[in-house]
Amino acid sequence: MKSPRRTTLCCMIIVIYFSQATPNLNLESIVHPLILREHELAGKEPLRQKRAVASSRVAAEEYTVDVEISFENASFLEPSKTYLNSLSFPIQGNSTDQATTTILSIEVTTVCRPTGNEIWCSCETGYRWPQERCLHNLTCQEHDGFPAGHRCSCLKGLPPKGPFCQLQGDVTLRMSVRLNVGFQQDLKNSSSALYRSYKTDLETAFWKGYSILPGFKLVTVTGFRPGSVVVTYEVKTTTPSPELMRKANDQVMRNLNQTYKMDYNSFQVVTSNETKFTIVPEIIFEGDTVTLMCETEVLSSNVSWHHVERHSDIQNKSRFSVYTFVLNNMTSISRLTIYNITQGDAGEYICKLTLDIFEYESRKKMDVIPIRILATEEMKVTCDNNPVSLNCCSEINVNWSMVEWKQQGKINIPGNPETDTDSGCSRYTLKADGRQCPSRLGGTRVTYVCEFISEHGARGSKSIEVTFTSVANLTITPDPISVSEGQNFSIKCISDVSNYDEVYWNTSAGIKIYPKFYTTKRYAGGAESVLTVKTVTREWNGTYHCIFRYKNSYSVATKDVTVYPLPLEPNIMVDPLEATIPCKGSHHFKCCIQENEDYKVTFQMDSLSFLAEKEVNGKQVCYKYNFMASSVSRCPKKFNIFCHFTNAANNSVQSPSMKLNLVPGENIMCQDPIIGVGEPGKVIQKLCQFSSVPSSPGSPTGGIITYKCVGSQWKVKKNDCISAPINSLLQLAKALIKSPYQDAKLPTYLKDLSVSTGKVKHEVSSFPGSLGAIINILDLLSTVPTQVNSEMMTHVLSTVNTILSKPILSTWKVVQQQQTNQSSQLLDSVERFSRALRPEDSTVLSINQTNVQMRSVVIKPGHPKAYKQSFVFSDSDLWGNVAIENCQLGNLQRDSSIVTVAFPTLKTILAQDVPGKNFANSLVMTTTVSHNITLPFSISMTFKNINPSGAVPRCVFWNFDLANHTGGWDSSGCYVNKVDEDSVSCVCDHLTSFSILMSPDSPYPGSLLEILLDIISYIGLCFSILSLAACLVVEAVVWKSVTKNRTSYMRHICIVNIAASLLVADSWFIVAAAIHNHYHPLNETACVAATFFIHFFYLSVFFWMLTLGLMLFYRLVFILHDTSKSIQKTIAFSLGYGCPLVISVITVGATQPQEVYTRKNACWLNWEDTKALLAFVIPALIIVVVNMTITIVVISKILRPSIGDKPSKQEKSSLFQISKSIGVLTPLLGLTWGFGLATVFQGSNAVFHIIFTLLNAFQGLFILLFGCLWDQKVQEALLKKFSLSRWSSQHSKSTSLGSSTPVFSMSSPISRRFNNLFGKTGTYNVSTPETTSSSLENTSSAYSLLN
């Protein structure tokens, strides 16, 4: 502070004393004489009454006196301050009768020093200038020796009471001291006598000791704690100096009773409001560099920092830096710097400065928050040179030092940043064109990062994914498109960008084209969409837009299509369809259309052309020509006449042909002006609208009526006329499926169809053609929708209800006679509509009509409830239930809809399985799912059982692929689960239309007969497989012994291959049985494989038998021919395996592409659709016949050998073995399949099923017995191989003597029974073939073919 100019150094002191009377003092008597000699009293301030002190004396009061002392020599200041500090207080002053004065303390408050022409004053420790006078925002001129940056170094003016520093504000000193006495528990109880005694004594001593402190107000004992006894107390005063505090503590020690044993060295003082604690910045972000600073006027470098939450002291380390220093010998400053601060660093911090017994403590809590940047995380930018802004905003708006934008990606598209400091937002404006994001990189993502940087180093960023898409450059078919109705056109739209979300076409009115008219494909670097219209109608005239959409960006190419009117060929109605004209007669021909356009119409007959005459009748326009028979040179003759319509674009269309027959006319008997003329028996067809059937030009009748000339009159043979309203709807339906807006028009059309069908119900019952037309309409429309809502489905079922009503069932019979698949076509149409049904919510949608009912449910995610629906038709006395368990529903795709439709009358019109035998006699229920089913599926149904005369029920479904795709009942994948008196329960592994069939005699699954046949089959197959394996083992053991000549060798080759082929075939038969069961769907690939191998190896069995027979025939008939073993083997294997392979491959190749190779309910060759079974039956039967013939020839030749054909004894034995083997094997195999054919016919007895199963199952056992073990040489080879020495000796004897009888010899009791089959008895000895010459070998080996 500046003061008036003085030439001396001065200081101000404060003197605190108390007196019992108003003082009248001479200060010179109070100050030490040395001071008075060295210093001149420059002035006095009036006495300021400080406060009153409670005392027993009435007038005792405390006063504070400010004294100014000036020094001529500045060097006297420090010794004077030292002297004053060394005084012991209180100092007793002069006592008089009126007053007693005691000096409590003397302290220096202000020091003023001359500087240049001014005097600058500063405050001593514990004192300060009045705060209301300080200039906080002004930096004073600094001079040597004065504290720079002092709290208050400049004043607005002199304090009101002179240039004196004042005491600092009151502080509360939290103090403690230890008493070296034992701690007693009563000291914890503030109401105990001991506690009150300690408190009173200590507070008295504290009052007396601390009253010397400047600004002292009170002292209070706050408690006691153990160790020995620690007294805690608080002193309210101004900030004292350490020296003064020590003096006060001395006074306390002197005034306290010594029995308390107070420890002088245990005094501790903690003050908390003497330190200025600041944190920079105020708002702290993660990553900031934060400075915590403690400032105090207490001079000490002993400062510590503590983090409360971590309970740890802070030391200098990587992220923490502590720096403590004293500024200008006046202020202690400690600075804690935290680098890259984290949220874990948040919490309360303590700055503690220790000086002597004083602890100056300050606390402050610090919060660390993350930088949160708000921005749109994803954006799409089209490279169209339009500006696009990316925006980032900080959640907390501070004065950000900088906002930086960076980018990462394949392409570099920079922008211009703009930052608004007031809002805390930054904008980055992009402007991308096609050059920056070329088409090959269309859809490329670039990451832009906005990074906010605070003034103290924190960084927060946000990434924005920007997808740059090129504006697709579309190239469309350049040539102008101009077509006529009935023609076709295509428009190709090519994009140089392959990345798109959707491609579609629409009209200039914004109506989307139905998707079936265009295809789209993607390829590297681009894509293309082709709009193809095969049959153009007038609706296609207009402008079309090819649109490539990527998110919200659209690329559009436009093309105009001009369609010239031209009638479509089906819409040209001709009359007559066929006409007979006498050679001298004439006839009018006409072609009519339902439009009045300017066409050029000519009639064409051979090379002749005639202009037509136009006639307009309402909406109908007819073109006529009167043909004169005399214009033709020859008669009789047949012609085809056509109408040619040519439009303005010079395009033409030809009508359906009209047949013209020129006849002499003598035999013409039938004549009618409308129908025409004809000979008896002549049949002609005529369009109903040109017949005698009532019709109107505006709404003509449709269809064809057939007449026959009977006698002299035309009689109606067949009436397929369609009533005018239904015909109109049919024409609209045909136009609808060619319309580009067919899906948009469909709801309205279905409503009109439902209303119109209900109105013309009586006409439908009268016109079978009308019924067929409605079925065709439903069939056409069911191919249109991708989605059907409940209202549309209601209209569909309303139409179905009408045509299935009982009065129309008689009309159905007529329709069925003419075209058998109409009922199947109707059922298929309903199923297609059902699969497209998408109900609006997950509740059950129920539609109930008299002749049809529907239930539908949408399967939602989670745990769906089981699907259980019931149908009751009281009028028909039929009911049925359908159920699908929730475990099955869990396998369906999300939001799949299940639809079940039940028909009570459809059973009477669906084709019977076998006429007069199997017939549907229950509800027909069709269940569909909107999405494809990939996992095994099971559905349960219950039908009311109407059991006519004990018929056996069969669970069936309607298979649309049967009977050349006209449909039929099929039981594949379905079985009867339970039969009660009132109901039949069925389980199927697929979804479609189900019912039950009644078969009088066929065994159904679970019947006793079927169980018996299964048992026989599996037991027999096991025996056969074991027997065939044993046969092969035996052949391997005796091979060398029984193949010593060429004939025997070939015989055993055949036997081995017969056994091996049948073994493999039986094994595949078991595989096929395992593949197909009633509970899981057929594995089609495995089933085809099993069928192929069964077919191949069973054929191989027969062809090896044929090889065996042909080999025998060759040896007996062509005796002089000699063929090598290798050639014989080649022929045998080619015939045994080559022929079966060719037949099997051709069969599977011809039928499998149409998926009619196997049966629907078994892994075996199809019979119903392709008669593929004949590829097995015919070769097998032929071979059986051939082998039987060879057997007869061989036996005859053996019994009556010709001259020169006298075989040896061994050869005769071989020939007999051949005849024996073929005679036994062939009938067995033939009979097996003969009984199998018997089971195919309806009404076959159960005995045939059992015999067929027995013979077929035990084939292997028969081959082992008759083809292998019955062979005498095999028996002898086995006995040689396995008999003991005793048996070997006997065998040796029998061989030499030729009189022994082996157990398997022809004379043994066992084999004798088989010999009787051939009418032979006797004994055949074992012998070895002789090989003296090639001729003899050739002849003799022929008779050993089977040995």
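For all residues, glycine too, the Cβ spot is worked out from N, Cα and C.
Since we're looking at a predicted model, the values are computed, not measured.
As written in TrEMBL, here are the features:
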- 1-21: signal peptide (SIGNAL)
- 167-274: domain 'SEA' (DOMAIN)
- 275-367: domain 'Ig-like' (DOMAIN)
- 472-562: domain 'Ig-like' (DOMAIN)
- 843-1004: domain 'GAIN-B' (DOMAIN)
- 1013-1271: domain 'G-protein coupled receptors family 2 profile 2' (DOMAIN)
- 1015-1042: transmembrane segment (TRANSMEM)
- 1054-1076: transmembrane segment (TRANSMEM)
- 1096-1118: transmembrane segment (TRANSMEM)
- 1130-1152: transmembrane segment (TRANSMEM)
- 1172-1199: transmembrane segment (TRANSMEM)
- 1220-1241: transmembrane segment (TRANSMEM)
- 1247-1270: transmembrane segment (TRANSMEM)
- 1327-1347: region 'Disordered' (REGION)
Best-contacting stretch, by C-beta pairs under 8 Å, relative to the transmembrane segment (1247-1270) and drawn from 1054-1076, 1096-1118, 1130-1152, 1172-1199: 1054-1076
Secondary structure content of the domain 'SEA' (167-274), with strand meaning DSSP E or B: 39 helix, 38 strand, 31 coil
Surrounding residues of the transmembrane segment (1015-1042) on its own chain - C-beta under 8 Å, 6+ positions past either end: 1048, 1052, 1055-1056, 1059-1060, 1062-1063, 1066-1067, 1069-1070, 1073, 1250, 1253-1254, 1256-1261, 1263-1264, 1267-1269, 1271, 1273-1274, 1276-1278, 1280-1281, 1347
Cβ contacts under 8 Å made by the transmembrane segment (1054-1076) with residues that lie 6+ beyond its boundaries: 1017, 1021, 1024-1025, 1028-1029, 1031-1032, 1035, 1082-1083, 1086-1087, 1090-1091, 1093-1094, 1097-1098, 1100-1101, 1104-1105, 1107-1108, 1111, 1132, 1136, 1161-1164, 1221, 1225, 1259-1260, 1263-1264, 1267-1268, 1346
Composition by DSSP (helix, strand, coil) of residues within the domain 'Ig-like' (472-562): 6 helix, 54 strand, 31 coil
DSSP helix/strand/coil residue counts for the domain 'Ig-like' (275-367): 3 helix, 55 strand, 35 coil
